[in-house]
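Here is the structure we will look at, set down as structure tokens.
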């Protein structure tokens, strides 16, 4: 039975989702969780895009131990050398070089002839192979490329040293039958086919990204590319968790097994959702809140009698726990540390002490602490520690009618304290006005969302905000049991990002 490898591009293609703006620390958090998920290759970013991207890719490359770290690059020498500088410190570095091969791209975007494109592929892959142990070549817009020319381009890439060949459905145009036949065509038409691993990369514009990916596996693809939760530009990418579970459940049909630690799927999905601010739909396959819920009386009766009557996936397979309480206010530092290690978290003594203190404060107010609470707590404290400014005091009081007054005290990384007060039509507006006054910002609140992390009146709140100034938009989140505190944390998180961006472009 063949093993299917997964290439995750959440940190590159996924971050291109409108409104998603991850900082370096957040990208590193996701990368570490992808490593726990057992992802074979992670595309850490596009090193040549900006200095910020370069530094993020480099830090991930120098941190990850059990996965290949890859940077995207155009078929340009400067891009390829920049990618090398970013990932050369990785345990297993890889270059991902791409060039469009469809007539429409060659004519209108590249302004290149077929001969020019083939020459560029040869030169870029040859250079990449002189620097990297493995090189992946992507024929951008492959599904709208003339098949004979695509086969020619792929052959040139393999002969130049490409180890992996990606056949992307860049605009989500193809369907499963066409995609399957395309892989079969290449298998028959590319002389050096056996010398490379073939990969698929599907977009969801017509809602067929997962189906197309599975068809590619049938057609001979040994690597599947996509993102967690299917996030990405436009309608998104193939959701890797859906492809992986489909292969596992239907291995009888596909004769393939996913090389992924499936029990880490739920935790990975939740982390990506909270850091990006992209809410997972309740009815989403595998990771949606209703994925294992049964409303119909007939279905409920069947499940109670024999679970397989209506449930083809065991919730535990993907790490969907029953969320039973695991710790309480009497739990000690050792029990807390061991539980966090079990969940995959590692920290320095200083980080452990800070998170344990936050845990004890929560345990004093919340009777039962669940695994979901612990993950949220860790996420919130990590963001809190990485911020330029942290909230040290927050006070809100009623003025008149619907007017509220908020006093906010912030401390920066150097220990400087800033205090101001402001009024607003409600507590949230007053808090946000006060923070704006302290930071000297004039921005628009583009989005505000609040979610309950667990059930019950004492549940933690997760607040997501998006701030916009001109054409630049950033997001932030905050986690706390108190809604106002979570809201303030989220705003400070986003405002700090925005202030950094403004200072950078000045």
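Keep in mind that glycine also has a Cβ here, set from the backbone N, Cα and C atoms.
According to Swiss-Prot, the residue from 8, 13, 420 that belongs to the Mn(2+) site alongside 201, 203, 237 is 13. Counting every protein chain shown, the Cβ of residue 201 (Mn(2+) binding site) has 27 other Cβ atoms within 10 Å. Sequence-distant neighbours of residue 203 (Mn(2+) binding site) (same chain, 6+ apart, CB under 8 A from its CB) are 168, 169, 170, 171, 172, 209, 232, 234, 235, 236, 237, 238.
Mean model confidence for the domain 'Pyruvate carboxyltransferase' (4-266) is a pLDDT of 98.
Ranking the binding-site residues 13, 237 by C-beta neighbours within 10 Å puts 237 at the top.
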